Amino acid sequence: MSDDRSSSESIRRHLASLRRGAVGSFRRTARIARWEISRSAGTVDRRTIVAVAAILVVVGGVGLSVAEDGIGLEDELYVVGVDSDDPYADVATESDRFRTIALEDVRIDEGGDSNVDVVVTRDGELGYVGDNGEQAFHAFREAIEAENADRMAAEDDDVAAYPVLVTVEYQERETGMAAESGDGGSDTGGDVIGTDGVDADESAADDDTEIVDTDGDTAVADSDTTSSDSEAADSGGDRGASDDDTTDAAGDVVGSDGSGSDDDVGSPETTTDVTSPTADGEFQVPDVGATATEETSPATPDTLSPPFPFQSLVLAFLFIVPMNFVIQTYGSTIMDERIKRRGELLLVSPSSRYEIVAGKTLPYLLGLVGIVVATAAVIGGRTLSVAAAIPIALVFLASTFAGAMLARSFKELTFVTVTISVLLTTYTFVPAIFTEVTPIALISPLTLVVMDLQGESVRLVEYLFSTTPFYLSAAVLFLLGIGIYREEDMFAQKPVPAKIVDAITSQIDAVSRRVSSYWSPFVLSVVFMPFVFAAQLLAVALLFVVPESIALIVMFVLAAAVEEFAKSIHVYAGFARSRFEPTIRVAAILGALSGLGFFVGEKITHVGQFVGLSDLPISVAAFGPELGADLPLVVLLALFLAPLALHVVTAIISATGARRGRGTYAVAFVVATLVHALYNLGVILLVS
Amino acid sequence: MAIVEVENLRKEYGGFAAVEGSTFSIERGEVFGIVGPNGAGKTTTLKMIAGLIEPTDGTATVAGHTPGEPAMQRRLGFLPEESPLYEEMTALEYLTFFADLYDVPSEVARERIDRTLDRLDLEHRTRRIGNMSKGMKRKVAIARALVNDPEVLIFDEPASGLDPLTTNYIIEFTRELSEAGKTIIFSAHNLFHVESICDRVAVMNHGRIVARGTVDEIRGTHGGTEYHVYATVDASHALGEISASRENDQVRHVVGGMDDVESIREAVDAEGGRITDIQTTTPSLEEIFLEIASGSDAEGTARSDTETEADADTTDPEEELEA
């Protein structure tokens, strides 16, 4: 009884001690954060304040302007010669793209030069002159269509206004895209011609455009809306009549580029089932951007969105812009601590280096969160936009912190921050361009922002797919940086590779203190997984535009090299810093545990399969094929465990080389990479 | 009772031993000097005690706590050789921040900061540190080391690069701290400063402690130290045959020990003059180090004859090396 009492008393004391420790840690972190703010405020002169304020005003202004009025690149692009009392004058006046001049002021030289692009004669004829004339003419006709659409929208009698109603239903796409893509369309009643002019397989039902006319006939079209030549036809035999005659808005079903096919049978009950855009056959990308949404509303052809979300993309980019400025200040404050040795006195205080780094980072993180929230409020983003932008901000800060810990001078820091800006901006922005096209876009959280701005819903798994690598990468980068946030590395002019090895070694030490040094390769292989994942996703994105035959070969080798590096660099660091005994036996044990850790980590990251990324051949090269459910259990088990054997064997190869030094490690690493690449190739050939 | 225990401390950088088997202990209230030429391992030893550098081997404890423990860091005040300050802050802001970091209640901190700055004769405490002179900055750094009222102070070259007036001020202040019961580990090149305030001294060379004992014991064994006493009057008659030369409007007296310095001081006072500066000649200091080092190299064991101390709780570093 008394033992129980003393035991519970001991637990209570332990918990109280932990609570005091946590409170104390929080207080010290908050103090350092508060001090960092007041200290930084002392370093900012008036010119800097004015410059920052100007930047914020510009960014805010651009955001507001774009959010309310669009991009505005085409304002008053064309000149229309029209009398002010002409009905077409209102169209030109109300559209931002046009500027009008009176007919009597129109001048057309003998050489064809003119002060107008489009002319509306007094008898209502339209014509164009000059180099821009044709484009201006088409734009003017689009404006006329829009004007007509507005008038119809204002019409009380919907049936009169919309003889054809369009219901847009976004459906989740089935897998097996490789078999379907490349087919242009299907033909179940009406003739529909796809991009490549090949009739589609009927199984591609989810990519079909279904048009029902008044008499109930159904035509199914594989609408390739990424193409500029999408065509559709009605069931009444009026087929293939796609043309530019879009002034006749009523009854036309128009592809993404605004071209349409005549459907001269008006109907109040026409339904169009349009999937979100799909890619062309060459790259075989499935659709993901517009899943899980459904919308039924009166629409005219010109209201169908193009696949390139230009406006949302520009708005999403506004989240990234301030981050590039904040990391400059953040990098400088970390560098100041090192170059001027000012951080030494904090290190002898009761604060741990974790508290110091947290305290110094917190103001910048909170600042970025504030900017993100404000940006979202300005451009109309919702919670999702904020939740997607914060992990980007975290990675910006974490990589800047790690970079500032590695740089040896402010000159090097400038190189580091510029590199981070370029790489992260590219990594986040470029994939977002393909928001409507391919699941690869989801490697960037900015894609989620674009989707949010487009009003599309996002599944939880998609959010996790986009942001988890960012959260984890940020955590690992901070940990590595904190590992060298100590006197010996902060103030020493060591080469960058030596510091990286030190940073990794600090994590080996951290694991060794808690478990055992032998388990550090296991833990670190799991910890490095976000970088592997991000590197491979980036490679997939970059090689996406390369011809597939080349991309696959490069991807095989690149993916293997990335994985082998992640499995072996910490083992090399441990040997280089004398944390492990350099014997064959120890190398074998470390390699085996590293391989096991990587296997475990790899299984965790197979989230890619949930978002349809595994449909891509190049993705298969990077992440491996999905196991077929129809295979025998023994084969499935073998295929499941084969990667474990691979990772263990190749990690042992690298570890064996690493124990003897840098040169032998490099050779062993190359051998392990080749073995890994050949294995990947073999498995894919076997499965396929 | 020893408050600082250092046992077989070793630090290696890529195969180079910056500190090799340092062992010593320091009693509560003692002023312990560590002297040696540049690169001898003094600063590395002090930083290992302060918890800034992790030893490759060996241990150091302060009041029973190992470096890095918050309880140990609270008991310690550290003044590095170069103590860059946050120049964009005022002295008051800077000291208040560090007091806050050490959980010193704000009222106590304010009173302690005021008292310390008053004693250090530091005005303009609301002036930005960046606008202060080098001596003023050093005083702010010393005040920072004291802001948590530590039991143990580590002063690494506290008067390095300062003018004689400020140097004397700081040395006097250190002496006062010692009298107030603080345990002080003091590192300096200037042997005069060391012997004027240190109870015991460890001489380091090539990362090893090559001599240890009281200042007189070390000087008595190795000698060679010359004190240059600058005065406004000639007092060489007080000691008979000593070297005295006139430099500008001052007279330089060269003597061999602190007793002689005292004699010169009395004679100068009697003549109605004043002493303007006391210096140890650098070559003399280096000669001691070199003599000890070369002696220890010659013996192979690096064991010094000046090892007069036989603390029961300490291990002779040289014996450790032999072992």
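Note: Cβ is positioned from N, Cα and C throughout, glycine not excepted.
Unlike curated entries, TrEMBL annotations are predicted automatically.
These features come from TrEMBL:
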COMPBIAS  A:182-192  compositional bias 'Gly residues'
COMPBIAS  A:198-216  compositional bias 'Acidic residues'
COMPBIAS  A:217-235  compositional bias 'Low complexity'
COMPBIAS  A:268-278  compositional bias 'Polar residues'
REGION    A:173-284  region 'Disordered'
TRANSMEM  A:48-67  transmembrane segment
TRANSMEM  A:310-331  transmembrane segment
TRANSMEM  A:362-380  transmembrane segment
TRANSMEM  A:386-406  transmembrane segment
TRANSMEM  A:413-443  transmembrane segment
TRANSMEM  A:463-485  transmembrane segment
TRANSMEM  A:522-544  transmembrane segment
TRANSMEM  A:550-572  transmembrane segment
TRANSMEM  A:584-601  transmembrane segment
TRANSMEM  A:633-653  transmembrane segment
TRANSMEM  A:665-687  transmembrane segment
Pairs of Cβ atoms less than 8 Å apart decide it: which stretch in A:310-331, A:362-380, A:522-544, A:584-601 has the most with the transmembrane segment (A:550-572)?
A:522-544
Candidate ranges A:310-331, A:362-380, A:386-406, A:463-485, A:633-653 - greatest C-beta contact count to the transmembrane segment (A:665-687) (under 8 angstroms):
A:633-653
Assess whether the transmembrane segment (A:413-443) lies in contact with the transmembrane segment (A:522-544), where contact requires at least three Cβ pairs under 8 Å among residues 6 or more apart in sequence.
yes
Restricting to CB pairs under 8 Å, which listed stretch, A:310-331, A:362-380, A:386-406, A:463-485, A:584-601, is in contact most with the transmembrane segment (A:522-544)?
A:584-601
